[in-house]
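The domain 'Flagellar basal body rod protein N-terminal' annotation in TrEMBL covers A:7-32. Here TrEMBL flags A:93-137 as domain 'Flagellar basal-body/hook protein C-terminal'.
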Amino acid sequence: MSLFSIFNVAGSGMAAQSTRLNTVASNLANADSVASTPEAAYRSREPLFAAVQKQFGSQAVDNGQGVQVLGVTESQAAIPSRYEPGNPLANADGYVFSSNVNPVDELVNMISASRSYQNNVEVMNSTRQLMQKTLDLGK
Amino acid sequence: MSLIPDNLFGIHTRALDLWQNRTEVLANNLANADTPGFQARDIDFRKVLAAASDSAGTAGNVALQAPTPGQIGAGSTTAAATQLSWRNPMQPSMDGNTVDEQVEQAAFAANGVHYQASLSFITAQIRMLRTAITDGQG
């Protein structure tokens, strides 16, 4: 019920977006990782966002409490396999299993996350200015 | 807000309260810009301000009291909370999210200017009072 809570809201947004940037970085770094079984292959990760609901029965005004990361999901897309008998990780048939990361998806995700992050930074900056102006009231 | 007598600064303290609430709602919309299924909300300023000044502003009206926790009072904040409305999305997305980042940003910027306008009104009022108190010397 004050401008201070906006710092929490914008902060939760920034934390969520940085989690997203983290998964993007991890996905891009592992885009070319290989494994000898499909189960061990790297799967593309993505965070799951949800709005924070107000506590039941709390007296606080429900203007929204920000966003939270419920968890990180792994992509269920098919794991591609390659015939590379010379690879030390190849299985008995000579196949290696690479990650199902789609670099184009990841780059789009990265741009979207960084834009949203900047949005939240702007919100925080504007709020800070408004609070400063309020403190200067009557001068 | 409640420490300042309401008739001193007129409607501006209430307006300030509402702009502040709206800032919070818009900040929450922007924070949830990528949350699937999140529906953007906003405050209809004109309606809420009218309700707020009706329920507690005019003399002779007795506001409902909420002496025990859990009881719902009839303060202006409750009115603001119940009068949140949903935003009509311009470009609905497939995941059910109705936050339009540009619209929210524009609303947030305008809201900040309105907030500062209310602040300047109050500042002007304070200057006027100071002039009266100091006999024009201050």
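Cβ coordinates come from backbone N, Cα and C, glycine included.
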PLDDT averaged over every residue in the domain 'Flagellar basal body rod protein N-terminal' (A:7-32): 95
Helix-strand-coil residue split for the domain 'Flagellar basal-body/hook protein C-terminal' (A:93-137), DSSP-based: 33 helix, 4 strand, 8 coil
Distal contacts, the domain 'Flagellar basal-body/hook protein C-terminal' (A:93-137) - CB-CB under 8 A, six or more residues away: 3, 6-7, 9-11, 13-14, 17-18, 20-21, 24, 27-28, 30-38, 40-44, 46, 75, 77-85, 87
Counts by DSSP class (helix H/G/I, strand E/B, coil) across the domain 'Flagellar basal body rod protein N-terminal' (A:7-32): 23 helix, 0 strand, 3 coil
